[in-house]
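**Q** Before I ask anything, here is the structure I am working with.
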Amino acid sequence: MGLRAGRLASPSRGVLQLLRLPLLLLLLLSSGARGAAAQGDTEVPTLYLWKTGPWGRCMGDDCGPGGIQTRAVWCAHVEGWTTLHTNCKQAVRPSNQQNCFKVCDWHKELYDWRLGTWDRCQPVISKSLEKSRECVKGEEGIQVREIMCIQKDKDIPAEDIICEYFEPKPLLEQACLIPCQKDCIVSEFSPWSECSRTCGSGLQHRTRHVVAPPQYGGSGCPNLTEFQVCQSNPCEEDESLYSLQVGPWSACSVPHTRQARQARRRGKNKEREKERGKAVKDPEARELIKKKRNRNRQNRQENRYWDIQIGYQTRDVTCLNRTGKSADLSFCQQERLPMTFQSCVITKECQVSEWLEWSPCSKTCHDVTSPTGTRVRTRTITQFPIGSEKECPALEEKEPCVSQGDGAVLCATYGWRTTEWTECHVDPLLSQQDKRRANQTALCGGGVQTREIYCIQTNDNMLSHGNTQKDKEASKPVDSKLCTGPVPNTTQLCHVPCPIECEVSPWSAWGPCTYENCNDQQGKKGFKLRKRRITNEPTGGSGATGNCPHLLEAIPCEEPSCYDWKSVRLGDCEPDNGKSCGPGTQVQEVVCINSDGEEVDRQLCRDAIFPIPVACDAPCPKDCVLSAWSSWSSCSHTCSGKTTEGKQTRARSILAYAGEEGGIRCPNISALQEVRSCNEHPCTVYHWQTGPWGQCIEDTSVSSFNTTTTWNGEASCSVGMQTRKVICVRVNVGQVGPKKCPESLRPETVRPCLLPCRKDCVVTPYSDWTPCPSSCREGDSGARKQSRQRVIIQLPANGGKECSDPLYEEKACEAPPTCHSYRWKTHKWRRCQLVPWSIQQDVPGAQEGCGPGRQARAITCRKQDGGQASIQECLQYAGPVPALTQACQIPCQDDCQFTSWSKFSSCNGDCGAVRTRKRAIVGKSKKKEKCKNSHLYPLIETQYCPCDKYNAQPVGNWSDCILPEGKAEVLLGMKVQGDSKECGQGYRYQAMACYDQNGRLVETSRCNSHGYIEEACIIPCPSDCKLSEWSNWSRCSKSCGSGVKVRSKWLREKPYNGGRPCPKLDHVNQAQVYEVVPCHSDCNQYIWVTEPWSVCKVTFVDMRDNCGEGVQTRKVRCMQNTADGPSEHVEDYLCDPEDMPLGSRECKLPCPEDCVISEWGPWTCALPCNPSGSRQRSADPIRQPADEGRACPDAVEKEPCSLNKNCYHYDYNVTDWSTCQLSEKAVCGNGIKTRMLDCVRSDGKSVDLKYCEELGLEKNWPMNTSCTVECPVNCQLSDWSSWSQCSQTCGLTGKMIRKRTVTQPFQGDGRPCPSLMEQSKPCPVKPCYRWQYGQWSPCQVQEAQCGEGTRTRNISCVVSDGSAEDFSKVVDEEFCANTELIIDGNKQIVLEETCTQPCPGDCYLNDWSSWSLCQLTCVNGEDLGFGGIQVRSRAVIIQELENQHLCPEQMLETKSCDDGQCYEYKWVASAWKGSSRTVWCQRSDGINVTGGCLVVSQPDTDRSCNPPCSQPHSYCSEMKTCRCEEGYTEVMSSNSTLEQCTLIPVVVIPTVEDKRGDVKTSRAVHPTQPSINPAGRGRTWFLQPFGPDGRLKTWVYGVAAGAFVLLVFIVSMIYLACKKPKKPQRRQNNRLKPLTLAYDGDADM
């Protein structure tokens, strides 16, 4: 209390000091004011004052004291504005600079806040005046604490500003809660005790115990005892009025004469030894005596730890009457009085030596994170406690310390290091289905790579200076437990580049016959060439264009030329000799072109043959008119051979027939067509064929700068050369001579390349050898080994140095010393020491030299081999110290003497047999009758023989299914990536328990069992989602322009058992996965080809002129378009039907001598299309009319431009992105999304891209973009940990656990992590042996009726199965031989204790009650956080009313506890019995208590009415008022008392069956108003809905249900009739409809 009061006083003093400051300031200001007033007559008050700003930051060169901080100081007017410094008094100017402490970051380790403990919660003064009538939760309070900044190493205060630099100052005060007052709560009374007297008048009592102590100022506990007078049968004899009482034993003391007697005895002994030494002259005898003395001296040295002294103690024996007053011993009639003396051991407290020096600090280095270590000092026991209950103080003391000296080295720091990543592997990402059907050799795309981690000492190079360069490159690994930081990732996603196949354009048309090199035209050898180009460069494989097909083909030809004239168009036909008609010529307009068809300078064609003019005929008015020749058709064959010959045709038609007179007649039909040969070159095509590039070989001609790579990655690689084979190949034949192919176009055969860098194997140095066991070996004969290892951090590559040395080495440890086990050696008991005869000689009946006494013995510490050992070793390893003293008996003449017990006889027979042991009476005891009493002194003891019947039975649940453990594969230090075995056949286990015939648990080996039942089990393997192969791509959805093509997969099998989930399925058809990509169809792939119009066939033939209106036709065919022009006829549906030219038309055949004009030219329409504009076409006159009066008509047609009819706009359109496209060999990773560019006409039709290109429209959209398909990474788990220690050291419920962790979470559609991350397995059943106290014996007072006595108890070895329900069963003590002697957690074994047997008439305290349940302080079931409390109590027992004034106070004891609960108290009432009932308070766990319930809310226990309810048909209600029974109404008086109960009238409803109006149904009508009968007759019902009991009949419910169904039916019909039916919708789907599968719609899909 003193300490607590002191703590409470200190903050109050601080508060007072804080309050003093403003008071002093007020006094100073008031005195200053008075002084100013006094001087007001002589001195004018100043109008200017000095003002100061806050102190700035502490500045200085060094950390710590010595810094300087400044602040601003200025002069200001009293109104606040700043003025000149000269206006203020300079003498009182404040300082603008002061010294300060400069805080640096490293001060954080030296300074910190010291937080004091919170003081007691004090009520807030302002709130305490407003206390409510009823406390609900508690009273608000406040508590304070002391906080100071300290220098940690010196433990001295420092300025607060230093600590505030790093952390704000913690709160000095906080709100707290003072709970409501809690009154004492007690239990119900126990039953009444028996009467205190067996006859006559006595007392009986009953007690109760405390359930909850008073808290927070609550009221105290009521009396825990009630007593009442009881009457028994009258006493036949006088009851004894006196009792013999023994007092407590005195303290153990040593007789006064002992020291003198010992001194005399020592003197005599020395004289005897001297004489004996003189007498003994034999050297051997002297040696024996010397050894014995040394041994005795050692024993005495060991025994000095105990220094046992045996003394004596006495007690008083008095005779008491019933009032507790002493009387003469003669009144207590007894044959033999109790002993008043006995031998005892002098109590010795534990004594220890002085502390030894502190050990060196465990932290010998400097560590910033944990700078402190520990140091230890010890002391030893110099005197062990004897007869004392106090334990020895601690023999070891630890305290934190810091390594001393400035030269302390840095502590070793550790960190994780990693090996290089392994190659990227795609196969771990494959599903089960892909692994079975895929060729895994050429996989690419997203993959997984792994690496190992190992721990190293990161500052090893700083701590050791003699490291070699190799050691610095790679540090040696250390134990992984030393690295505490986050573990680096051991798995990551990677990417294997996918090879991109070479894509080429279509072949161009065959070019003209040209030299292979126009710059070198030696010889006449020429070639016709056709080419194609690479549209998509290949990657991967052999690289560059090695995988591309040949890009050029050649055909030998004759008469090559590099340049030639090309006819552009023919001029008009000019008649000869200036005539207007007749034969003439047409001049060709030509340009000079090269072999690629490009227009060049005309000078280059100077060697070429210039085209000559073409002969023609300008028709005269009466001549036949023919149309111009059509263009030559495509060549029928690309080359000419023996069976094939290329041909081209062209045709013309008759436009007008000739007149009958003098005109040139039209030619026959054969003259209207011309045929010529084409592609006359032979069908022998040659090309250069290239082989793959060879291996890159170092080129010695290039200076080598290759170096071997090191771990730091600094390397350079040399240049090499690659070659490949190039041959000339004839198509469809094979290799031919190289002269057949154009030499100048031969591909290169050699190219430079970079040699891959050589990488040597890099291995860490060996780790240190693992430590051998430093402690001694206990029974483990297995050879101990130590090992070391190293880690490959870089695998060799490209011809680097291989890893050859072993990665793991081990060697045998040196044999550790064998552990010494220690034991206590007990020596012979010394002689039995009695109480000195000088003490007991005055006691009546005492006999000298016999009786009870006490004897001691020496104990020493020995090794198992018998060698000497320190007493400290046995105290630590040899178990409890044997008894040093024991009671002994020197038999007197009247005592019975027996031989020692014999050994037990052998067991013969089955279970249930017994064995015996015997003893016999010795000497004069044979003649004493009392010694022959077998009840007092049994001569035979029996015990049951051990029984060997055992039965085994399973206990507990089955374990998880456990797979057999496999071995981890390690290859050159790099872990192999692969799935570990997680499914298949395993075993599950159930523990077996073995019991003997008495139901006691024994070792399972007794039942010939290894402790388990094994049962095979199956862990189902996960099955991934299985889809079909991709279907073929559908046709492009559009035949012209950009469309889409689709392929799909169907669902074949759903995933189960944690397999990979299915990808996101189509929302329409849940059984399919679609992939959609854009596609492009060339609009000119198929074109309409027309032949010339036929001759106009006149409908009404004028035989004379053969002219007039008619019809002409032509053939229209759909043909496939190629680079060489239309090639072959195809089906018409492949061409666009909207663009199909007309096959017939009306025509007009001119009459002779009429004007003849040519075919109409193309329409001209300027773009962009202007609706206000027009377009036109024209034709040229071919034959002039004979009559000049009949001129040729205007050969121009005009029509307005109409958008989307004869004039169009064009624009680019971009399709949607495709799905992410991966390589066929890829599972995931980087891919490409593509889209197409489309040229769309304004009417929405896709047309050829050339229409948009001719307009020069912008096209800035990217057509490709990169994308990523998330990789399906399966969940990767660590290996199972080792099995943990059993959760229970014994019993049935022990479990072993092993765990695993997720090393790589699943990603994407990878296999998810299993839920089972922990497995349990039952432990083998072991019996639980422990020591257990027996019950205390009754308090035994030796040969007296009351007073101080003793009670004893035994300890026994018991076995149980560890469960709370199992009752422990006693077994032989040998089973507990290896069990430490601890009972209820206490090593101090108490088998005997003093007790008090109350004398008749005494008033005394009963035994302590059991500790109550742990109870928390709660409000509405919520803990307030004040901790739990338990209580026990002692009640007062009264035996005589006259002795009440001698009664002690009842006792209460509390203690704090942790596992508390919230309890509620509420009133409970029984059912009313008449006008009364019982009401009691009950706790929420069902215990009836007194106190705890609020008195104001206690229910009534009596409900009788006053005055009583005497009126007929009335009763007393719960509200204690008179009420009427049912069917009656109350009539109240003016003073609100019941006067009478009036019958309530009823309405009679007559029925058909009974015209007399029997009462069928009665209903009260306004029970508080008079009944009024309605006028008229009562209505008669033929169907009565109510039965005789007033309830509805069954048929009424049926009618109601039928009516409801009918109503629902009518409403439904109305709704269906009025509802407007939906129009059937026809869905159009251009996509190919796939074959559907049955699918059950599982949510996991």
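Quick reminder: no glycine exception, Cβ is built from N, Cα and C everywhere.
Found this in Swiss-Prot, in case it helps:
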COILED    256-304  coiled coil
COMPBIAS  258-269  compositional bias 'Basic residues'
COMPBIAS  289-298  compositional bias 'Basic residues'
DISULFID  C624-C666  disulfide bond
DISULFID  C635-C639  disulfide bond
DISULFID  C696-C753  disulfide bond
DISULFID  C728-C741  disulfide bond
DISULFID  C761-C803  disulfide bond
DISULFID  C772-C776  disulfide bond
DISULFID  C961-C1017  disulfide bond
DISULFID  C1079-C1083  disulfide bond
DISULFID  C1201-C1207  disulfide bond
DISULFID  C1275-C1313  disulfide bond
DISULFID  C1357-C1376  disulfide bond
DISULFID  C1457-C1462  disulfide bond
DOMAIN    109-181  domain 'TSP type-1 2'
DOMAIN    183-236  domain 'TSP type-1 3'
DOMAIN    349-405  domain 'TSP type-1 4'
DOMAIN    412-499  domain 'TSP type-1 5'
DOMAIN    501-563  domain 'TSP type-1 6'
DOMAIN    623-684  domain 'TSP type-1 7'
DOMAIN    760-820  domain 'TSP type-1 9'
DOMAIN    821-893  domain 'TSP type-1 10'
DOMAIN    895-948  domain 'TSP type-1 11'
DOMAIN    1154-1208  domain 'TSP type-1 15'
DOMAIN    1209-1272  domain 'TSP type-1 16'
DOMAIN    1402-1463  domain 'TSP type-1 19'
CARBOHYD  N223  N-linked glycosylation site
CARBOHYD  N321  N-linked glycosylation site
CARBOHYD  N439  N-linked glycosylation site
CARBOHYD  N489  N-linked glycosylation site
CARBOHYD  N668  N-linked glycosylation site
CARBOHYD  N706  N-linked glycosylation site
CARBOHYD  N957  N-linked glycosylation site
CARBOHYD  N1032  N-linked glycosylation site
CARBOHYD  N1213  N-linked glycosylation site
CARBOHYD  N1354  N-linked glycosylation site
CARBOHYD  N1488  N-linked glycosylation site
CARBOHYD  N1535  N-linked glycosylation site
REGION    255-300  region 'Disordered'
SIGNAL    1-38  signal peptide
TRANSMEM  1596-1616  transmembrane segment
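If you look at the structure here, what lies around each of the features I listed?
**A** In this view, C666 (disulfide bond) is surrounded by 18 other Cβ atoms within 10 Å of its Cβ, with every protein chain counted. Under the DSSP three-state reduction, C666 (disulfide bond) is assigned to coil, being neither helix nor strand.
If you take the C-beta of C639 (disulfide bond) and look for same-chain residues 6 or more apart in sequence within under 8 angstroms, you find I555, G646, N679, H681, P682, C683, T684, V685.
For C696 (disulfide bond), the number of other Cβ atoms no farther than 10 Å from its own Cβ, over all displayed protein chains, is 18.
Annotation for C741 (disulfide bond): same-chain Cβ neighbours under 8 Å, separated by at least 6 residues, are A554, Y686, H687, W688, C728.
Other C-beta atoms found within 10 angstroms of the C-beta of C803 (disulfide bond) number 18, with every protein chain shown included.
A sphere of 10 angstroms centred on the C-beta of C772 (disulfide bond) encloses 14 other C-beta atoms.
Around the Cβ of C1017 (disulfide bond), the same chain contributes C961, Q985, G986, Y987, R988, each under 8 angstroms and 6 or more positions distant in sequence.
Counting only residues at least six positions away in the same chain, the Cβ atoms of C1036, S1037, S1042, G1043, V1044, K1045, M1236 sit under 8 Å from the Cβ of C1079 (disulfide bond).
Taken residue by residue with DSSP, C1207 (disulfide bond) is part of a strand.
Mapped onto three states, the DSSP output places C1313 (disulfide bond) in coil.
A C-beta separation below 8 Å, combined with a sequence spacing of at least six in one chain, links C1376 (disulfide bond) to Y1329, R1330, W1331, C1357. According to its DSSP assignment, C1376 (disulfide bond) is helical.
For C1457 (disulfide bond), the Cβ neighbour count at a 10 Å cut-off comes to 16, with all displayed protein chains included.
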**Q** Work out how many Å separate C753 (disulfide bond) and C1083 (disulfide bond) at their Cα atoms, rounded off.
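**A** Cα to Cα, C753 (disulfide bond) and C1083 (disulfide bond) are separated by 44 Å.
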**Q** Can you check which residues sit near N1032 (N-linked glycosylation site), meaning Cβ under 8 Å from its Cβ, same chain, 6 or more apart in sequence, and list them in order?
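**A** N1032 (N-linked glycosylation site) has long-range Cβ partners R1047.
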**Q** Check the Cα-Cα distances from C696 (disulfide bond) to the recorded positions C1201, C1207, C1275, N1354, C1462 and tell me which is shortest.
**A** C1275
**Q** Given C1313 (disulfide bond) and N489 (N-linked glycosylation site), what distance in Å do their CA atoms have, once rounded to a whole number?
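**A** A Cα-Cα distance of 18 Å.
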**Q** C-alpha of C1201 (disulfide bond) to C-alpha of C1462 (disulfide bond): distance in Å?
**A** 96
**Q** Which stretch, 183-236, 501-563, 1209-1272, tops the Cβ pairs under 8 Å count with the domain 'TSP type-1 7' (623-684)?
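**A** Most Cβ pairs under 8 Å with the domain 'TSP type-1 7' (623-684) come from 501-563.
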**Q** Of the recorded positions listed here (C761, C803, N1354, N1535), which is spatially closest to C1462 (disulfide bond) when Cα positions are compared?
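**A** So, spelling it out, the nearest of the recorded positions is N1354.
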**Q** Run the contact check on the domain 'TSP type-1 19' (1402-1463) against the domain 'TSP type-1 2' (109-181): 3 or more C-beta pairs under 8 Å, excluding pairs closer than 6 in sequence.
**A** yes
**Q** Here the disulfide-bonded residues are C624, C1207, C1462; which one has the lowest number of other Cβ atoms no more than 10 Å from its Cβ?
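**A** Lowest Cβ count within 10 Å among the disulfide-bonded residues (C624, C1207, C1462) is C1462.
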**Q** Which one is it: of the recorded positions C666, N957, C1083, C1275, N1354, whose Cα lies the shortest distance from the Cα of N489 (N-linked glycosylation site)?
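**A** Result for N489 (N-linked glycosylation site): the nearest of the recorded positions is C1275.
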**Q** I'm checking region-level scores; what's the whole-number mean pLDDT for the domain 'TSP type-1 16' (1209-1272)?
**A** 86
**Q** Of all the glycosylation sites given, N321, N668, N957, N1488, which residue's CB has the most CB neighbours within 10 A?
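**A** Of the glycosylation sites N321, N668, N957, N1488, the most buried by Cβ count within 10 Å is N321.
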**Q** Neighbour count first, Cβ atoms within 10 Å, every protein chain included; then name which of C635, C1201, C1357 tops the list of disulfide-bonded residues.
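**A** When each Cβ's neighbours within 10 Å are tallied, C635 leads.
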**Q** Rounded to the nearest Å, what's the C-alpha distance separating N1535 (N-linked glycosylation site) and N957 (N-linked glycosylation site)? Just drop the number here, would you?
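**A** If we compare the Cα positions of N1535 (N-linked glycosylation site) and N957 (N-linked glycosylation site), the gap is 76 Å.
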